[in-house]
Amino acid sequence: MISSLHRPTLAKVDLSAISENIEQVVSHIPKQVQTFAVVKANAYGHGAVEVAKHVSKQVDGFCVSNLDEALELRQAGIEQPILILGVVLPDGVPLAIQENISLTVASLEWLTLAQKQGLDLTGLTCHIKVDSGMGRIGVRNLKDADNLIAGLKALGADVEGIFTHFATADEADDSKFKRQLSFFTDLVDNLTDRPRLVHASNSATSIWHAATVFNTVRLGVVIYGLNPSGSVLELPYNIQPALSLETALIHVKTLPAGQDVGYGATYTTTDEEVIGTLPIGYADGWTRDLQGFHVIVDGQLCPIVGRVSMDQITVRLPKVYPLGTPVTLMGENGGVSITATEVAEKRGTINYEVLCLLSDRVPRSYD
């Protein structure tokens, strides 16, 4: 989708806030660790290349979801280690070796397929994924982990790391977290050939369970200034949201009582009302379930009335404003703010999704 550069809708990314968030989290981890910044899904909507370039001297490497995301960073000149957290099938190995991209290997079946294809894994760096209770990808016992490490090394691979992912590190009840941690710790401690890097700490673990980190951490949503738990757990220190979403009024009119607004006529004016139109809609990631939410105009919360359309939304204004008046959808305006977590709570989802769904049609600018 092409970016719409000639309209006032814009996501502003504060790169210095991301740097400060990394510094804040790492300073609260009680031992020396390697830090990988997670920039998958276009850095959670913030711009993977721009973020990676800005923080490259602060971190030891980057994590992405798939091979194409890794290649984007390499093609942009990023030289630090890049680990793909998802599974790349063996036919992607030659390209990973060529571009010095580390792969996650999550099963003996992957190894068997590589052997059947006659692959030489010399030059490949990989990390073993352990399923300690998430139920997605990864080996589930010590024997499989040992066999996988030995088999990969026999084909020439450098098994640099082993890791797991916690399902509930961002919840108040830590019983499942403790079970996963115990499982993974026991497995790692009993490996025949333990890899150099051991990591289990995502953002939530690094914040609320910092004492449990191994020798590497993966920092994701927290570096973008979002609370990984939404509003479930209080953050023990301050972080700064790095993205604000802004637009401007493109149409303002006064409607008499009894006038319908938007598709389906789901909103009807009850009195004389000033209605403003904004150039953003569900094609931009501002989804239909945000009807009834609000934006900020001139330091005042203004409700979204009528359905969210593909390209436009309508809001009720306290008075007539001139065209071009700035409007904030996420961020601060006149001492009033809207957070991604508040947007997520209105939508019944998580703040991660709010930012990841901001489409390419919304240009990003960088400070």
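Every residue, even glycine, has its Cβ placed from backbone N, Cα and C.
Per Swiss-Prot, the features are as follows:
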ACT_SITE  K40  active site, proton acceptor
MOD_RES   K40  N6-(pyridoxal phosphate)lysine
BINDING   R136, M310  substrate binding site
ACT_SITE  Y263  active site, proton acceptor
Item to check | Integer Cα-Cα distance in angstrom, R136 (substrate binding site) to K40 (active site, proton acceptor) | outcome: 18
Item to check | Among K40, R136, which are recorded positions, the residue with the most C-beta atoms within 10 angstroms of its C-beta | outcome: K40
Checklist outcome for this item: DSSP says Y263 (active site, proton acceptor), in three-state terms, is helix
Checklist outcome for this item: Taking all protein chains shown into account, the Cβ-based neighbour count within 10 Å for M310 (substrate binding site) is 10
Checklist outcome for this item: Residues near Y263 (active site, proton acceptor) by Cβ (under 8 Å) yet at least 6 apart in sequence within the same chain, in sequence order, are G306, R307, S309
Checklist entry - Rounded to an integer, what is the Cα-Cα distance in Å between K40 (active site, proton acceptor) and M310 (substrate binding site)? => result 26
Checklist entry - Which state, by DSSP, holds K40 (active site, proton acceptor): helix, strand or coil? => result helix
